[in-house]
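Peer 1: Have a look at this one.
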Amino acid sequence: MTFDLASLGWDDAYAAVFAPVNRADARPGRVTRVDRGACTVISPNGAERATFAGTLLAAARRDPVALPCAGDWVVLRAWPDRRTTVEGVLPRRTAIVRSAAGTTSHQQILAANLDAAAVVEPVDPEPDLGRIERMLSLAWASGAQPLVILTKCDLAADPAAIAAQIGEIAPRTPVYAVSTVTGDGLERLRPFVAPGRTLGLIGRSGAGKSSLVNALAGATVMGTQEIRRMDGRGRHTTTYRALIPIPGGGAVLDTPGLRGVGLGVDDTIDGLDAAFDDVATLAARCQFGDCRHLGEPGCAVADALAVGELTNRRLESWQRLHREIAVETRRNDVRRMADERARWKRKAQAQRPRGVRP
Ligand SMILES: Nc1nc2c(ncn2[C@@H]2O[C@H](COP(=O)(O)OP(=O)(O)OP(=O)(O)O)[C@@H](O)[C@H]2O)c(=O)[nH]1
Ligand SMILES: [Zn+2]
C-alpha cells in the first residue's frame with residue numbers, strides 16, 4: 001500500500017527539513033493519534049503503529065511537549081524486527097497548546113500543523129460566549145486561521161441571527177452555520193479540508209465535532225475505520241485526538257471534548273489580544289500606557305463603554321483571561337525552577353564516585 005503524503009500536507013519545506021535526517025531505514029509520517037506510549041502514523045506505507053525512540057523519551061522527560069501529538073510530522077525508523085520507532089518530530093508550524101488540567105503546570109499540545117482551527121459550538125443549548133472567546137484565543141495563539149463553526153443549526157429558528165451575534169465577539173473571524181442533519185452549510189467548509197489542508201476542531205463534548213468529521217469525511221469514513229483496525233482497538237474516535245484523512249485529500253483533526261481549557265503562559269497573550277482585537281485596540285488608545293480602565297483620564301475603553309460600543313461583559317472577559325495567563329505564567333516559572341533544581345541534584349548524584357556508599 002502506498003499513501004500520498006502530499007494529500008495530508010507534506011510539501012517541499014517539510015521535505016527540506018527531513019532531507020538531512022533521511023537514511024535508508026527512515027521515512028516521514030504524520031501522526032494521527034497518540035495512545036499511551038505509542039502512536040498511529042500514516043506513512044507512505046499506509047497506517048502503522050510506532051513506539052518512541054529513547055532520545056525522544058529523554059527529551060520528553062525534560063519537556064512533555066517534545067512528544068509527538070496528533071498532526072505532527074515525524075521521522076520514522078524501520079527496524080529489522082519490523083518494529084517502527086518515531087525518532088524525531090519536525091518543527092511544528094502551528095500548534096494548539098493548552099495548560100494541562102490538574103495541579104501541575106505542564107503545557108499540553110492538542111493538535112499540530114493545522115491550517116485552520118475551528119471553534120465548534122452548538123446553537124442548542126444556547127452558545128456560551130465566554131467559552132467561544134476562550135477557545136478563540138487558543139485558536140489565534142495556535143498560528144492557524146481561526147474560524148467558528150456553529151453546529152446543529154436545524155435546531156434554531158434563526159441561525160443567521162445567532163451567527164451574527166457571535167460575529168460581534170469574533171473580530172476578523174468567519175462564522176459558519178451548519179447542520180449535519182440537513183447538510184446545510186457543509187459545502188462552505190470544504191475549502192478547509194481541500195487536498196493538503198488540515199482543519200482542526202476544538203469544542204466541548206457534545207458540540208457536534210464527531211458528527212462534523214463524519215459529514216466531511218463522507219458516510220464511510222474509510223480512513224478512520226482503517227486506522228482503527230490497525231491499532232486493534234474498538235474505542236470511539238473522540239476519546240482520543242485523531243487526524244482523519246478525507247477521501248480525495250485533506251484532513252480533519254478532532255480533539256477530545258474539552259471541559260476546562262486553560263490558556264497557558266505568556267506566549268498566549270498575543271492570541272488573546274488577537275481574539276479580543278476590538279478591546280485591545282481600544283486599550284492601546286488610552287492616554288496612559290498602564291491604564292486600568294477604572295476612571296483614569298483619557299480612557300478610550302471607558303469612552304467606548306459609555307457609548308455602548310463595548311460591553312462590560314466583553315471587557316471583563318478579556319481582563320479575566322489576562323489575569324489567568326499571568327497566574328499560569330507564575331505557576332509555570334515556579335515549576336521550571338523546581339525541575340531545574342531536581343536536575344542539578346540528579347547530576348550531582350550521578351557524578352559521585354562509584355563504589356562509595358554514603
Ligand atoms: N439536531 C442535530 N443534532 C446533532 C447535529 N450534530 C450532532 N448532533 C447530535 O449532538 C450529539 C453530540 O454530537 P457529537 O458529534 O457526538 O459531539 P462531539 O463534539 O463529537 O462530542 P464528544 O465526542 O463528546 O467530544 C449527538 O447526539 C449528535 O447526534 C446536528 O447538526 N443537528
Ligand atoms: Zn483605559
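One-based numbering along the chain as shown.
Each Cβ is built from the backbone N, Cα and C atoms, and glycine gets one as well.
In case it helps, TrEMBL gives these features for our protein:
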BINDING   Thr151, Lys152, Cys153, Asp154, Gly203, Arg204, Ser205, Gly206, Ala207, Gly208, Lys209, Ser210, Ser211  GTP binding site
BINDING   Cys286, Cys291, His293, Cys299  Zn(2+) binding site
DOMAIN    104-261  domain 'CP-type G'
DOMAIN    112-259  domain 'EngC GTPase'
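Describe the structural context of each listed feature in the structure shown, including burial, neighbouring residues and relevant distances.
Peer 2: According to its DSSP assignment, Lys209 (GTP binding site) is helical.
A sphere of 10 angstroms centred on the C-beta of Cys299 (Zn(2+) binding site) encloses 21 other C-beta atoms. According to DSSP, Cys299 (Zn(2+) binding site) is assigned to coil rather than to any helix or strand.
For the domain 'CP-type G' (104-261), the model's pLDDT averages out at 85.
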Peer 1: On the DSSP side of things, how many residues of the domain 'EngC GTPase' (112-259) fall into helix, strand and coil, could you say?
Peer 2: 56 helix, 31 strand, 61 coil
Peer 1: For Cys291 (Zn(2+) binding site), list the number of other Cβ atoms lying within 10 Å of its Cβ atom.
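Peer 2: Cβ-Cβ neighbours of Cys291 (Zn(2+) binding site) within 10 Å number 19.
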Peer 1: Is it possible to get the count of other C-beta atoms within 10 angstroms of the C-beta of Thr151 (GTP binding site)?
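Peer 2: Cβ-Cβ neighbours of Thr151 (GTP binding site) within 10 Å number 28.
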Peer 1: Lys209 (GTP binding site) to His293 (Zn(2+) binding site): how many Å between their Cα atoms?
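Peer 2: Each residue's Cα considered, Lys209 (GTP binding site) and His293 (Zn(2+) binding site) end up 38 Å apart.
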Peer 1: Check the binding-site residues Cys153, Ala207, Lys209, Cys286, Cys291, His293 for any whose Cβ is under 6 angstroms from an atom of ligand 1, and report them in sequence order.
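Peer 2: Only Ala207, Lys209 meet the Cβ criterion.
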